[in-house]
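Accompanying notes for the structure given below.
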Amino acid sequence: MTETLFIGLSLSSILLLIALGLSITYGAMGVINMAHGELVMIGAYTGVLSGIYLNLNLLFALPLAFMVSALLGLALERLVIRRLYGRIIDTLLATWGVAIVLQQLIRLEFGLSFFGIHVDGLGPGLQSMDVPSFLTQPFEIAGVPIQTYRSFIILVTLLLTLLTWFLMYRTSMGVQVRAIMRNPQIAAACGIDVRRVSAFTFAYGSGLAGVAGVLLAGFKTVMPEMGASTVVDGFLVVVVGGVGSLLGTVLASAMLGQINGVFAILTNDILARAIVFGVVIAIILWRPRGLFSFRSR
Amino acid sequence: MTGNTLFKLGDWGIYALFIVTVLGLPLVMDDVFWLNRISKYLVYGMLGIAIALSWGYAGILNLGQGLFFGLGAYMVAMSLKLQSYTSTQQGSDMPVPDFMLWNAEPGAPTELCCIVQGSWLWLPFQSQWFGMAMAIVLPVLIALVLSSAIFRLRVSGVYVAIITLALVLLVRLLIIDAQPITNGFNGLTDLGWLTVAGIEFDPYMVSTYYVVAVSTCVVLLLTRWLVSTRAGLILQSTRDDPNRSRYLGYDVAAYQVFFFTVSAGIAGFAGMLYVIAAEFASPSFLDITFSISMVVWAAVGGRSSLIGAAIGAILINTIEATASETEMFQEAWKLIIGVIFVLVVLYMPRGLAGLAQDLLGRISSARGSGDKQAARSGAPAE
């Protein structure tokens, strides 16, 4: 039973990492970023490439992937999303196009494949990332075997959640972000540079996606399509938790991850996911604003 | 001629041009392979109409339209599967789908009722008409229940999109999980042909193209009529301001439920036609990618124009098919499509239909000033 809960917990933490970024971008800016999954994928590829070319191990790939995805997010905000604030459905459609473009860029090795150049670690095929040996050896606590890599994921998620909480609730930047969440016009009237803060927020959320990508790469195959399914899961977590609520996102990912984990043991993986979707529909019908949310906006 | 009548003429002109082109195509194109392809794209055009109806006219973004399309497809595919040669030749009185035999436990009777658990669900599908009726009835029923729950509880906006999205993924997983009776990931392939009054509708035959083409035109005209009725106008008012419509005494939810359900029915019908033309049904119809693609087609064509959305769907799919077979674009076409989506959303939010309207508007204003000039120059001569 503890092992089931533990697997559920590690599923929850990956879910949380993906949802955390989405929660920030959706909550603060009203942007449905369908390319978030592709930022996860780019993070995973950053991990793979830094292993091949820079000989960096996973620990160093984490900050690198954060940087790469954050910069990409910044560019995305500047080029596309900035023009679409207030048109929520259009952000969904435009970023869907961006997602296709990003997937194809990796598949076509940034266009180099047209010239017959092959870059190791890119292209349509499957890639994998090596996990350093100290993260693969299982250890025991009081006779219960614990998988090191899974606990590492949980640890990283915990740290990043705390960091996000600190940034949002203990810094002046965080105050500005929360002000924008509640009411962007009034925030602007109070002298907050909404554009600049939004751009930073988006970059930070994207960076979190990059980190999630590296962690995913540690136990999943890396391929151009890997991100597409994660964005839906992440988004459901955000909505169930309540838009803009950090606590809600944490609890919703814990709940959905555990439901998935427990039912995967009781029935099978497919039915477990179906049950998760059913629970999500019921919750949205019951409380459209999510389990934890403030009113207004 | 005033600008308004020109708009109306332009509108009807485009509808007439569309219908004439679609129905006249077999006269100029004798490549049955391409005709079959285009009939599939016409089905996609019908999906575009369904999306424009719910999104453009009702303001309800359904990100799970694939659910209704997929269910419609599966219902007909089940019937046609039982008509196929492999199903009728299993040495039983009743036809038995081949994949059930592979899934059956040793010693299970080769009977449709009990060869695998739940296979009795297939029994009524021995009648082709039952399958065809269910292809519309089932989507309509599900849409009715779903939309009643959604709109009576006043769920709106993005949340509707998320519920429909979650539901299509849920049903997709159920279909995959029910592998013994649905053939799981592989879907239903090797289907028989639709047979009506002794005529077999071979997908690569002009008559099958006409079945699809006429259906598309009829659906287009019916929907166009529907949105111009009183109910259609009230629907548009609920889109623009649900609260005001409510204060005026209209039952907003009832209109939303009705049009959501009509849209689902069209999608189910489209699913049925798709199976007749494409000869397979697969869980990929319920993939999230497919449902979002439909919305993108409608966005490119013009989300608030029925015919615009239909043309958008047909155009994108034809371009995709041609580009993916041209050697130069073979690898890059998806990239190009992605860039086009982004550009359309950024710079052409009203899509192709908006472009056409602007063009007509420019012509009519030029005409208008021309008329004035003519009047002015004509005046002294009098």
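Each residue, glycine too, has its Cβ placed from N, Cα and C.
The transmembrane segment feature in TrEMBL is assigned to B:12-29, B:41-60, B:129-151, B:158-176, B:208-227, B:248-276, B:296-319, B:331-349.
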Taking 3+ C-beta pairs under 8 angstroms (sequence gap of 6 or more) as contact, is the transmembrane segment (B:208-227) in contact with the transmembrane segment (B:12-29)?
-> yes
Answer key: the stretch among B:158-176, B:248-276, B:296-319, B:331-349 with most Cβ pairs under 8 A to the transmembrane segment (B:12-29) is B:296-319
Residue list, the transmembrane segment (B:331-349) vs rest of chain: Cβ under 8 Å, 6 or more residues beyond ends.
-> 296, 299-300, 316, 320, 323-324, 355
Segment proximity, the transmembrane segment (B:41-60) to the transmembrane segment (B:296-319), 3 or more C-beta pairs under 8 Å | yes
Look over the recorded stretches B:41-60, B:129-151, B:248-276 and say which has the most C-beta pairs under 8 A to the transmembrane segment (B:158-176).
-> B:129-151
Grab the same-chain neighbours of the transmembrane segment (B:248-276) for me: Cβ-Cβ under 8 Å, and only residues 6 or more beyond its ends, written as numbers and ranges.
-> 39-40, 43-44, 46-47, 49-51, 53-54, 57-58, 60, 62, 65, 68-77, 80, 132, 135-136, 138-140, 142-144, 147-148, 151-152, 154, 191, 194, 201, 203, 208, 211-212, 215, 219, 223, 226, 231, 234-235, 237-238, 242, 285
